[in-house]
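Following: one structure in structure tokens, then a few remarks.
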Amino acid sequence: MKSQNNKEYKSEFSYKETLNLLKTDFSMRANSVLREPEIQNFWAKNNIDFELGSNNSGKIFTLHDGPPYANGALHMGHALNKVLKDIINKYKTLRGFRVHYVPGWDCHGLPIELKVLQNLKSSERKNLDTLNLRKKATDYAYVQINNQMEGFKRWGIWGNWDNPYLTLKKSYESAQIGVFGKMFLNGYIYRGLKPVHWSPSSRTALAEAELEYPDEHYSKSIYVSLKITKLSDEILLKFYQENPNFKKDFFLSNSFITIWTTTPWTIPANEAVAVNPKINYVFAIDEEKRIYLLAKELSSEISNKFNKDLTTLLEVKGVTLEDIEYQHPTKNKNCRIVIGGDYITIESGTGIVHTAPGHGIDDFNVGRKYDLPTTCVVDEKGNLNEYSGQFQGSNVLKDANDLIIDYLEEKDLLLLQENYKHRYPYDWRTKKPTIFRATEQWFASVNGFRSSALKAIEDVEWIPATGKKRIYSMVVGRGDWCISRQRSWGLPIPVFYKKNGNEILLNSEIINHIQKLFSEHGADIWWDWDVKHLLPDNYVKESDLWKKGTDTMDVWFDSGSSWAAVCEQRSELKYPADLYLEGSDQHRGWFQSSLLTSVAVNNKPPYKKVLTHGFALDENGRKMSKSLGNVVDPNIIINGGNNKKIEPAYGADVLRLWVSSVDYSVDVPIGSNILKQLSDVYRKVRNTARYLLGNIHDYDPNIDSFEIDQLPLLDQWMLGRLVEVTDQISNAYENYEFSKFFQILQSFCVVDLSNFYLDIAKDRLYVSSKSQFRRRSCQFVMSKVVENLAVLISPVLCHMAEDIWQNVPYSTKEKSVFQRGWPNFSQSWKNEILNEHIANLRNLRVEINKAIEGCRNKQIIGAALETEVNYLPKDKVVKDSLTWLKKFGNEEVDLFRDWLIVSNFQVVSELAKNSLIIDNNEIGKIQILKAHGQKCDRCWHYQEEIFSGIQNTKLCKRCSHIINLEFT
């Protein structure tokens with residue numbers, strides 16, 4: 001070595017300058033607010049987006065987008081849904097599938113119509129015709145679509161944003177008319193009078209999927225007595241046989257039917273009362289000599305409710321009560337008892353059901369059986385009409401209940417009134433109660449194809465499997481689907497009605513003609529053109545006889561036709577789609593409407609697999625609401641809030657990481673604490689990548705590449721572990737188990753890389769000479785790890801993955817990480833014997849590190865290199881692994897001393913004296929001693945043999961050699 005007086009060595013010379021330190025432009029901080037949009041611009045500029053998947057040569061993979069509603073700001077539910085879809089699409093793209101994701105929007109319906117009306121002055125509303133309303137609704141929908149689209153793009157979602165599908169587009173409307181037409185021609189669509197869910201606040205019929213059931217709904221329930229006017233001879237005879245002391249007319253004169261209802265306003269619509277033929281009923285008398293007919297099992301409960309002592313006089317089966325007559329409570333007519341079904345139970349009420357066929361499905365079905373009138377006593381606003389008699393003009397949601405209750409009390413028919421908490425349907429848009437109301441509507445007859453729909457459900461893979469049972473039970477039990485709506489903003493039902501009479505004009509010729517017109521001109525012509533211009537030529541002469549229908553289609557029929565309007569129409573997609581993916585509420589919504597239309601038209605399901613996710617809740621498991629102040633805004637997660645200390649900008653990748661971290665099959669929490677934890681995980685992955693990139697800055701794979709058997713054992717293990725992790729992550733993606741990806745990624749980056757391989761590698765990387773095998777072999781492994789880590793995380797952490805790829809310091813064939821394709825390693829890289837030995841040695845390393853940490857905590861030592869370790873084995877397995885390592889390991893890399901990052905390690909038969917600490921455990925005795933020798937000022941190892949360095953510094957033999965070789 002040259003003397004320290006040599007002018008080449010200046011006093012300020014630092015050994016730091018002789019180390020191979022980390023060098024990379026990949027920053028420690030993500031700076032996501034700026035960097036992520038830059039990456040997205042890079043993708044756009046280089047067509048690194050959905051077109052990548054479109055240009056792949058593999059099989060078509062179609063994830064068909066369930067259309068979000070084109071109204072309102074994006075929320076965490078959107079984020080969960082769209083990111084899940086994007087993870088799958090990006091993974092499939094990397095796997096070589098032809099992926100063409102077409103995002104869609106649901107554009108018709110009441111919310112948009114109401115928004116348009118709310119934005120107008122009252123004078124403007126009065127003068128607004130249907131065409132202008134539809135024009136304004138179209139404009140409003142496009143504004144909302146553009147706003148939501150920008151949000152989706154910012155999340156890193158890839159899709160055909162230039163040509164999404166919109167239910168308001170001409171091509172879509174035309175295809176939907178085709179679905180309607182085929183269902184009609186197959187005999188599955190009919191028009192009829194039937195009770196439907198009716199929203200007085202919206203003035204339209206609603207489908208089941210448009211309802212919600214608030215937790216805190218109370219109805220005014222009443223118990224009512226109805227005077228019996230006629231009993232059967234059989235019951236009269238039996239009564240007097242069992243009660244001979246009563247006078248001849250006493251029984252009939254004093255007997256009342258007892259009913260219970262939660263809708264007092266329907267009392268004027270009463271046409272019968274229904275009993276269950278299998279239930280036992282009693283005639284029970286009170287102290288005032290009034291006799292009540294009610295279910296036997298409820299007699300005691302009702303006795304307590306009425307505060308009356310009831311004594312049973314006669315017990316009969318429900319089937320014997322048929323045709324008993326009673327006085328209608330509000331009208332001058334007699335009604336009768338009819339036989340109902342299993343919907344009549346003894347769980348509540350009296351076991352006898354007030355029956356108003358115009359205001360309930362069960363009532364309607366019983367009414368058809370007995371040819372009862374389907375009387376509707378309510379108009380479209382919820383006001384009682386002329387059929388209600390003296391109650392006309394009162395409103396079912398306001399004063400009608402009280403008026404009728406007062407009337408019943410005045411007539412001495414009211415037995416009890418009480419508030420009753422139960423599930424009650426509300427209009428999901430206006431948040432106000434709905435009612436059942438019989439109106440002329442268009443229906444899809446599910447009975448006509450129910451068995452085919454149930455078979456189709458069996459043919460689909462449901463993820464999670466519970467989804468199958470859920471939708472199956474819904475389809476088994478559902479009634480006919482009301483598909484007509486009394487609103488302007490929707491697709492018209494293409495039917496013509498005879499001006500004089502009930503005849504309708506709807507056939508294949510009409511349907512095909514309207515479908516063609518809508519395809520060319522759009523659905524607005526239904527309101528703009530005269531009947532003669534809408535009819536086919538051979539009907540024009542009789543156009544004066546017909547008028548256009550005014551009903552529009554249920555929005556669930558709109559979105560439920562998307563398989564026909566999108567998957568069947570676009571050559572880059574396929575039908576049935578490979579996957580539908582939406583929230584669990586869509587079992588009764590889009591999944592079901594799509595299934596029903598597809599089965600009705602083509603006798604097959606529109607999807608092969610259906611995956612459902614839960615809802616996003618706050619950290620305490622509560623539903624998010626503005627009133628609770630617990631709404632988490634995805635935009636604030638990405639860009640930060642007004643106070644960045646409280647609401648920092650995490651970027652889209654942390655949002656995406658959250659999606660991958662949760663068990664999406666159930667409701668999932670999100671909040672500030674969870675985001676902080678995810679940010680820490682994100683940072684660990686990023687720092688791991690940075691360390692890998694920074695240490696291959698001078699590596700060239702074209703010069704320094706190795707076969708696996710040329711590598712040290714530690715490197716062979718690392719590559720084998722990379723293959724295992726790739727297989728595990730691949731399986732997680734394949735099975736849509738993204739939380740497993742999250743767990744595997746964390747463990748790989750923290751446990752396998754940071755805490756083990758990279759921790760050990762520091763000496764190899766920093767201290768070795770630049771081109772030394774022990775360094776280049778490590779760089780070779782690190783290059784493999786960082787390249788493939790970027791690919792493995794890219795479906796989830798797409799921006800970070802691209803950032804990593806752009807900072808790989810040597811040239812790569814692929815411009816983008818997404819052009820790389822999915823890793824395809826040789827399985828020969830996996831070595832079970834190697835894994836077993838390394839696992840044993842890692843366990844020993846953990847125990848030794850605990851002992852060293854004990855010394856550090858006692859402030860006996862600082863760095864682990866200040867120690868040496870003696871190990872007295874108890875465990876033969878561990879001892880054999882140490883022997884194996886010594887026999888087969890590379891002397892420059894695989895010394896267990898270097899794996900421990902201590903200055904010396906020995907397997908001993910007895911322990912030395914002067915221990916810092918001794919740990920006696922299952923695998924043996926671990927003795928920590930002060931390291932012998934002196935500290936090398938360059939590598940910090942303690943060695944017995946020390947050489948003089950620069951300016952009185954000390955160097956070990958290895959470092960002295962490197963300094964002499966490379967710096968003299």
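The first residue you see is number 1, and the count goes up from there.
Each residue, glycine too, has its Cβ placed from N, Cα and C.
Reduced to three states, the DSSP call for E582 (L-isoleucyl-5'-AMP binding site) is strand. Residues within less than 8 Å, Cβ to Cβ, of E582 (L-isoleucyl-5'-AMP binding site) and separated from it by at least 6 positions along the same chain comprise G66, N81, G589, W590, F591, T612, H613. Look at Swiss-Prot and you will find E582 tagged as L-isoleucyl-5'-AMP binding site.
Shown in sequence order, the list is empty: the chain has no residue 6+ apart in sequence with a C-beta less than 8 angstroms from the C-beta of K626 (ATP binding site). Annotation comment: Swiss-Prot describes K626 as ATP binding site.
Under the heading Zn(2+) binding site, Swiss-Prot lists C936, C939, C956, C959, citing sequence analysis as support. Over all protein chains present, the Cβ of C939 (Zn(2+) binding site) has 21 other Cβ atoms lying within 10 Å.
Residues or ranges marked as motif ''HIGH' region' by Swiss-Prot: 68-78. Nonlocal intrachain contacts for the motif ''HIGH' region' (68-78), taken as residues 6+ away from its ends with a CB within less than 8 angstroms of a stretch CB, comprise 105-107, 109, 111-112, 115, 141, 144-145, 147-148, 151-152, 166, 583, 615-616, 624, 631-635, 670.
Summarising the annotation, Swiss-Prot assigns motif ''KMSKS' region' to 623-627. Only residues 6 or more beyond the boundaries of the motif ''KMSKS' region' (623-627), in the same chain, are considered here, and those with a CB under 8 A from a CB of the stretch are 75-76, 615-617.
In the motif ''HIGH' region' (68-78), the DSSP tally of helix, strand and coil residues is 3 helix, 1 strand, 7 coil. Averaged across the motif ''KMSKS' region' (623-627), the predicted model reaches a pLDDT of 88. All protein chains included, C956 (Zn(2+) binding site) registers 26 other Cβ atoms within 10 Å of its own Cβ. In the three-state DSSP assignment, the secondary structure recorded for C959 (Zn(2+) binding site) is helix. Each residue in V767, D937, R938, W940, H941, Q943, L955, K957, R958, S960 lies on the same chain as C936, C939, C956, C959 and has a C-beta within 8 Å of the C-beta centroid of that Zn(2+) site, without being one of the site residues. Long-range Cβ proximity for C959 (Zn(2+) binding site), meaning a same-chain Cβ under 8 A and a gap of 6 or more residues, is found for Y15, V767, C936, R938, C939, G949. Residue counts for the motif ''KMSKS' region' (623-627) under DSSP (helix as H, G, I; strand as E, B; rest coil) come to 0 helix, 1 strand, 4 coil. Other C-beta atoms found within 10 angstroms of the C-beta of C936 (Zn(2+) binding site) number 25, with every protein chain shown included.
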